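Accompanying notes for the structure given below.
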Amino acid sequence: MSGSLNDDSFHQDLQPRANNVSDYLSHQLQPPPPPPRRPRGFAATAAAIGQTTSTASATGGNAKREREKEKERTKLRERHRRAITSRILAGLRQYGNFPLPARADMNDVLAALAREAGWVVEADGTTYRHSTPPSQSQEAAFPVRSGESPISSGSFMSCSIKAALDCQPSVHRIDESLSPASLDSVVITERDAKNEKYAALSPLNSAHCLEDQLIQDIRPRENESQFRGTPYVPVYVMLSTGFINNFCLLIDPDGVRQELSHLKALNVDGVIVDCWWGIIEAWNPQKYVWSGYRDLFNIIREFKLKLQVVMAFHACEGTESGDAFINLPQWVLEIGKENPDIFFTDREGRRNEDCLSWGIDKERVLRGRTGMEVYFDFMRSFHTEFNDLFAEGFVSAIEVGLGASGELKYPSFSKRMGWSYPGIGEFQCYDKYLQQSLRKAAGLRGHSFWARGPDNSGQYNSRPHESGFFCERGDYDSYYGRFFLQWYAQMLIDHVDNVLSLASLVFEETKFIVKIPAVYWWYKTSSHAAELTAGFYNPSNQDGYSPVLDVLKKHSVIVKLVCSGMPVTGQEVDDALADPESLSWQILNSAWDRGLAVAGENSLSCYDREGHMRIIDMAKPRNDPDRHRFSFFAYRQQPADLIQGAACFPELDYFIKCMHGEIVDDLVPC
C-alpha cells in the first residue's frame, strides 16, 4: 500500500476521482469482484465437452501434421532407394555384362548373380548347384531351425545372397538383418568409405535432377496402366554437340559408344544429330568438311538406331549441359564486320549474330551468293556426301533450321541481348534489307509514312501494359499496327516457303521437320505480345498459326512442337499470364485439322513423373475420336545424365515405355 501511495504517477491517475482522503481510501480498499459462478448441470457438461474438444482438436492437428511429415519422409526414402536400385542395375548391365531384361527387378538381379556364381536358377525360382539335386540343395543351403518358418527366417536371405556372391567381387553388400518378406524394399548399399564418396559425387545427387525426383509422389499403378496398349510413338534422343569439334573431327568415339549403349538399353528408336553450318563450312565458302559426321554416323549405324539430322543454320550459345559454343561460319562473321545488316537488328541498332536476317534471302551479299543459295548449297553438299545413307534408309528425316535456335521464329527474346523471362522481346526488323521491304510494302498500301517500326513497343524485358503498342487497346490493333504485324509475320512465312522449296529439290522423298517454338507467356493478354515479336500474328482476335501451317501443309512437313512439361504455377500465371497448354492445343488442333503430322520435343531435360505424364497426355490425347497422336517424340537430354549417371534413367525409361505403350503392372515406378 505504501508503494502505491508514494507513486506520483499513480496519484496523478487517481486524484481526479478522489476529492478527499475517505474517497481515496475507499477506492483503494474496495472489495474484489465476486468470482464467476460455476455452471452446473447441463451447462457444466457442455463447457467441459467444449474445452476437451478444443484441446483434442489442437492435438489432432499436430498429430496430422506429424503424420504428413512422416509420409513425406517415407516417400523420400522410397524414391532414394529406387534410385539406388536403378543405378545398381545400370552398373551391372554396363560393367558386369549381366543380361538383365529392360524391366529387371530384384529377382532378376539375384538370378543373374547366382548363375554367374555357377548356380542353376530355374524359371520357378528353384536354385541349386549343378552337382546337388534341387531338394537336397535347398535343405543344405537354407537350413531352418526347429519351429521357424523359412518365410520369416532372416537367415534365408543372408544365406542365399552369400551363396550367390561367393565367386563375385565384394562390390555391394546386403544387410543380413533383412527378411525375405521385405524383399521389395531391399536397399543395396556399399558400406566402405570409397563408395560413399562416389555416391556423394554421383549425378544421382545432382540438384537439377534428384531434388525434383525425390519429392515426387509415386503415381498410382492404375494411372500407369492407362498407357498399356496405346499407339506406339517412336522416341528419338538428341545427342550432345560436344562430340564434334570446330574442325569437324570426332573427338570422343568411346564416349559416343557409351552414350549409344545407354540409349539402346532404354529401347529408344533413334537419335538426332545437329549438323552445324558453323563447323562444316567454317573457314571458306563452299568448302565443306564432313569427316567427323561420317565417323559419328558409322558408329550410330553399328547400334542399328535410326537417324534424324538437323540442318543447323544458327549459332549455339552453349548450355549448362556442356554443349559447345558454336558460331556462324568465320567467313560470314567477317562479312558481318563490313556489312552488319546481314544480321537481325533491333530498334537500338544492336545486331544479333544467332542467324542471318531474312532480308538477305535474295540479296547477293555473301561472297556473290544469296542467303537462299547458301542454304541450298549446304543441303546439297550433305545429300551428296551421305547419299549411301539415304539409299539404305538410315536417315529417316531432315529437320530444317529456319531461325534462331533452329526454330521458326525471329530472335526476339535472345539472352545474349539481355532478355529474361517473361519479357515481351523486341521486333527484329531494323536491318536495312528488311527496312527496304517494309518501305516497299507501305508504298504498295498507299501509306508511305507507315514504313517504320513501332516506336512505343517497349524493351526486351518490358511487360505488355508498360508499352503503348501492346497494352490493352494499344496500337497493335490500330490500322498501322495491323499493317505492320501482318508484314512482319509475312516475312517469316515467305522465308519458310523459300527454304522448304529448295530443300524439296535436294532431298526429294525425304520427310521434312519444322520446329515451332512454344511462346506461351502473355498468352492470356489480348495482344499476345511475346508471340507478336517472335513473328506469329496471334492476338486474341486472330489465328496467327493458320497461315504458317498452310505453308507447311503445302510442303507436307512434320510439325515439331516444343512442349512444356512443367506446370504453370499460380505465381507464373499472375506474373506472365502464361498458358502453355492452351497454346499447344491451338497449334496441335490447327495442324491436325489440316492433316499435318505432328511431333513433340521437350523444352527441359530430366522431367519428373508429373511432367512426363503431361507430355504423354499431349502425345496421345485421351478420348480423341480421331485418334490423333504424335508421329515421334524428340527427347532433349543432358549429356551428363546420359553418360555418367542413372539418376534420370528411371524416369526416361518410364517415359519411353509409356510412349511405346508397353507399361505393365509389375513395372517398378521410380
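Glycine too: its Cβ is placed from the backbone N, Cα and C atoms.
Remember, TrEMBL labels are computer predictions, not curated facts.
Here the structure is a predicted model, which means the values were calculated and not measured.
As recorded in TrEMBL, the features of this protein are as follows:
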- Glu407: active site, proton donor (ACT_SITE)
- Glu601: active site, proton acceptor (ACT_SITE)
- 63-75: compositional bias 'Basic and acidic residues' (COMPBIAS)
- 62-208: domain 'BES1/BZR1 plant transcription factor N-terminal' (DOMAIN)
- 1-79: region 'Disordered' (REGION)
- 128-147: region 'Disordered' (REGION)
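Rounded to a whole number, the distance between the Cα atoms of Glu407 (active site, proton donor) and the residue listed as 'active site, proton acceptor' is 12 Å. For the active-site residues Glu407, Glu601, counting C-beta atoms within 10 A of each C-beta gives the highest total at Glu601.
Taken residue by residue, the compositional bias 'Basic and acidic residues' (63-75) breaks down under DSSP into 13 helix, 0 strand, 0 coil. When pLDDT is averaged over the domain 'BES1/BZR1 plant transcription factor N-terminal' (62-208), the result is 56.
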